[in-house]
Amino acid sequence: MKTFQKELRRRRTFGIISHPDAGKTTLTEKLLLFGGAIQEAGAVKSNKIKKGATSDFMEIERQRGISVATSVLAFEYKDIKINILDTPGHKDFAEDTFRTLTAVDSVIVVIDVAKGVEEQTEKLVEVCRMRNIPMIVFINKLDREGKDAFELLDEIEQKLNLTVTPLSYPIGMGYDFKGIYNIWEKNVNLFTGDPRKDIEDTIEISDLSSSELDDLIGNTAANTLRDELELAQGVYPEFDNKAYLEGRLQPVFFGSALNNFGVRELLDCFIEIAPPPRPKESDIRVVEPAEDKFTGFVFKIHANMDPKHRDRLAFIKIVSGKFERNKNYLHVRHNKNLKFSSPNAFFAEKKEIVDTSYAGDIVGLHDTGNFKIGDTLTEGETLNYRGIPSFSPEHFRYINNADPMKSKQLEKGIDQLMDEGVAQLFVLEFNGRKVIGTVGALQFEVIQYRLEHEYGAKCTYENLNVFKATWVEAEDEKSEEFKDFKRVKAKFLAKDKQDQLVFLADSQFSLQMTQQKYPSIKFHFTSEF
Ligand code: G4P
């Protein structure tokens, strides 16, 4: 039991979120270097879609190969087990990122010093803010000219609706970048611009007014630093661990990931303040990580890249207890016991079969089609984890079978791709036609390509004018109002994969009119309400 408690306490499972190009991959790599998990820079493959690639979706296929390896990057640092969950930055894959965020216990937000808060950062931070996920902000690329520290902190507060407090502070910037003052540890770290240095020499400055500081960075820089820090102290609240853990306060660090500068400060503070596995709400109760019985849920499914083996890897976040190899677990949705002989645990870029994993960890289970995103596994209790809703897609098309001999394959392919969360399927009530809804236009190509290459099925698409899919909730399904709604809107009604009723509104206007006409019916933009 003692080991169990110790194992829980030393786990930190988090995600790094950012707008593409802010430096997420670079930062991840430097963190791995600190953990000794990789030996050299350049070892972590970027999972982003490179601009100007020959074909975006071929690039996605290439990335899919890489992203199995980078889905979970685990390493040890100062006896802390760190699990980094990969989050795609590309907006077409935002939903993957939202789902991954249900499995993290905290996040680090990376912001480019010159670009400040960008669009994807806003969206992702909003999701974290709504769920009170503890966040640390890392302002990157201090070796380049960028915005002034106060301006950035202000922008973060305004645009991201956060309450920040700097825990490190830059001394100069760009050409004049001299280093950072670590408010958390009260020392100065001088910038040498040598990215190969992985352990930086820090100089203890317990008293900012000491002339030592002037000797180090020069009189002018020292005075500016003193003034700005004094000002910052007046403006920003003092760091408070409880407020951070409750999502009410976000500490900020400055640095340059590429130069491996300011990263150690971030990591050292992170392992101290970031939360170990957190409790999670289920449909019947809140589950504590320290409970001895295992529970967990699927937050991601990754199809095998080898078309000959159509098995998939389901990623499970362990919420409570420990997961053991060859033990029977209940698949709650199927009410079926399953046993796993080769659960994968993740280390840096490798995966290995392990006997025991603990709450906070991620295990990868080979799956032949049992799982879909959101499924819960337990030791017998029938509880379901919530919080992985589907959002209304942005793009809609009819999907047609282009090869009548392969309709079974098409059926199966669509079914499995939907379970993976690639897109959503809606079946029209009045004629049974299938409509695919996606977040980004790219997914249509991905689906077509994967149906053909993995399932041997061919499909074509047909345009369909839908503005939003809304999930319908009626106060009283027997009411005249609801009957009227179903009759009048029959052509716009569909069922999702869970058999929930969905209204496919063709315009914002028609949605508004429908809402006005049927006040007792609720139209939800997410599948969970
Ligand atoms: P992402 O995963 O968030 O999309 O960003 P990534 O780490 O790939 O970084 C985006 C670009 O920013 C990369 O340059 C990277 O080298 C650069 N970068 C990251 N951190 C810093 C930093 O601290 N300072 C400076 N000056 N640049 C930084 P690239 O030219 O797009 O890619 P590459 O050709 O270098 O791989």
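The backbone N, Cα and C atoms fix where each Cβ goes, glycine too.
Automated prediction, rather than curation, is the source of TrEMBL annotations.
According to TrEMBL, the feature domain 'Tr-type G' maps to 9-278.
SER18 (GTP binding site) falls within a strand segment according to DSSP. There are 25 other CB atoms within 10 A of the CB of SER18 (GTP binding site), with all protein chains counted. Positions annotated as GTP binding site by TrEMBL: 18-25, 86-90, 140-143.
In the vicinity of ligand 1, defined as a Cβ distance under 6 Å, the following of the binding-site residues SER18, ASP21, LYS24, LEU142 are placed: SER18, ASP21, LYS24.
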